[in-house]
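Look at TrEMBL and you will find A:16-37, A:69-87, A:94-111, A:117-140, A:149-171, A:202-220, A:249-267, A:273-294, A:301-319, A:325-347 tagged as transmembrane segment.
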Amino acid sequence: MIVLEKRPQPSQAWSYATPVVAVLATMVFGGLLFAAMGKDPVEAIRTIFWEPLFGEFAFYYRPQLLVKGAPLVLIAIGLSLGFRAGIWNIGAEGQYIVGAICGAGVGLAFYPHEAWFIFPLMVIAGAFGGWIWAMIPAVLKVRFGTNEILVSLMLVYVAEQLLASMSLGLLKNPEGFGFPGSRNLQSYDSAHNAELITGTGMHWGVVAAFVAVIFSYVLLKRHMLGFHIRLTGEAPRAARFAGVNPARLILFCLGTSGALAGLAGLFEVSGPSGVVSIDFNVGYGFTAIIVAFLGRLHPVGILLAGGLMALTYIGGEIAQSQLGLPAAAIQVFQGMLLFFLLALDLLTNYRIRAARKEVA
Amino acid sequence: MDLSQINPVLLVASLMVAATPLLLAAIGELVVEKAGVLNLGVEGMMIVGAITGFAISVETGSPWLGFLASAIGGALLSLLFVLLTQVALANQVASGLALTLFGLGLSALLGQGYVGIKPPGMAELDIPVLSDLPVVGPILFGHDPILYLGIALTAAVWAVLKYTRVGLILRAVGENHDAAHALGYKVVRIRILAILFGGACAGLGGAYISLIRVPQWTEGMTAGVGWIALALVVFASWKPWRVLLGAYLFGGVTVVQLNLQAAGVAIPVEYLAMSPYIITILMLVILSADKSRAPASLGRIFHASH
């Protein structure tokens, strides 16, 4: 008979070890999955994790790591603040879309005027777009006690329709021969989020992601608000007695995560993607949830987790072209990672012991 | 715009079809939540049910086997949720999200060979005189059997929860798991069964979309129905008949919206397509002021130290 014994304090060692063990377990089970699909498992895992970093074409893939990792880290940092306090924003995908639409809209409004202030204005508009989209569930929760999980998620579908409407209507390229999608911001210098150093993948979004990590670290470690966030998550009753204002916390956490997701959308639409189109969003908002948990809701952890997740995206694409591994297999792989992570967290909070059979 | 094209009888009949996936998924989730477990993985279980049901019907040619397989598929996926939340005592919100993310990926993987195929149809009920009645016929007696199963399931869940010992125990576990445990009820075992039931129902609901409502397979075809089902349980205040009412209301919104698109109303298609989601939010706002109906142990982790 095996019993679980609650640890008086979560184990430090296990809290560092679980993400690593989870990644290893995912590699093993992912490998089994790939083998079941008739692919060489070792080759597949090697392609996903090794090829982008040290393979023959690594010079091309390494910059991609920053390009894919930045939006994931940016969104996940925002989400982690709320997750720590038990405030569940799972609609980051929608906030990402609306941020991109607002930012691109501001940029396109100035077309073809060239000026230094256009890009900063777009950044503000992008953050604002994401913020306002996240404020909908926040205000509804504070005012009416509405469940923020469901509202923020519903708004993803609304945002997707809005995106379709924008790329077919208001923001459609007037010189696009009737094809859906906006003008390409990459060919509009004042609005282009270009690489800061050519060939590195380093753009403003990557800078913003690093800044967000640092700010979030300082906030959680050194600031009263960060302490309140942690307190609310770990001991809600104590937080209430300590005078934490829950409404303020909800507005702050959802608002911040929305603004960061909006920023991620803006940097993506003005840089790597370039156009507002129907298929602009690729699920960063949802993958960021995995990133946040994989990073144990800790800023530095999220930075590492974002890098790892970006690696699976890029490696997945390579595996797709070289081994014919379907894109959905990578999605399953990423989902599996979250499973193992949550399951193994048991070891952080509980001790597993063999017990003598007790008499009832 | 030509609204006269819209036939009210057909509208009501198709409303019932549109509502059934929601109803099936929501009634399953209601039982799960009554047992004190919040499973946010409904969307994932539905989409996995949709593809397993679709694949098995195409392979065997029998929609009945397809529906059976979809229930098994949904239940199997919910078994992962059981492992996470009941065995590994993980956070239920995070585990539910994981289930949805995993289910969406898994279904896309399983469904690769099935895009663009037409599944075998399921015969609609054809009772000699009754089905041919003018208005009542198509609305009450002209549907596929699964639609009636949904209604029967609602009645069954209501009766079991209200009148039987099993229902009482289930509710006790959901209201106060420590007290139920102290009385000697197997809290974890009861919850596992409830979760599996919820998974099977969600699977059926998913298969209803891919086999009857649409009928074809496309990636991510449940398009948030699982999430709307979760919302439905909240604003039905955990009452089975209100779930039915809510599901028909939503079926109505969806069908009217589609009819307006077809009739060429001046509102752009995208804004009409938004409406079910926006109405869900509005309903949540209106009806979530009263939280007192929620099972008291909902979403809390149960760990028996002795």
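Glycine is treated like the rest: Cβ placed from N, Cα and C.
What TrEMBL says about a protein is an automatic prediction, not a curated fact.
Residues of the same chain lying 6 or more positions beyond the ends of the transmembrane segment (A:69-87) and with a Cβ under 8 Å from any Cβ of it are 96, 148, 203, 205-206, 208-209, 212-213, 216, 219-220, 228-230, 232-233, 236, 249-250, 252-254, 256-261, 263-265, 267-268, 284-285, 287-289, 291-293, 295, 297-299, 302-303, 305-307, 309-310. Looking at which of A:149-171, A:202-220, A:249-267, A:273-294, A:325-347 has the most CB pairs under 8 Å to the transmembrane segment (A:117-140), the answer is the stretch A:249-267. The transmembrane segment (A:273-294) makes no contact with the transmembrane segment (A:202-220), as judged by fewer than three Cβ pairs under 8 Å among residues 6 or more apart in sequence.
Between the transmembrane segment (A:94-111) and the transmembrane segment (A:202-220) there are fewer than 3 Cβ pairs closer than 8 Å, counting only pairs 6 or more residues apart in sequence, which means the two stretches are not in contact. Annotation: stretch A:301-319 has the most Cβ pairs under 8 Å to the transmembrane segment (A:202-220), among A:16-37, A:149-171, A:301-319.
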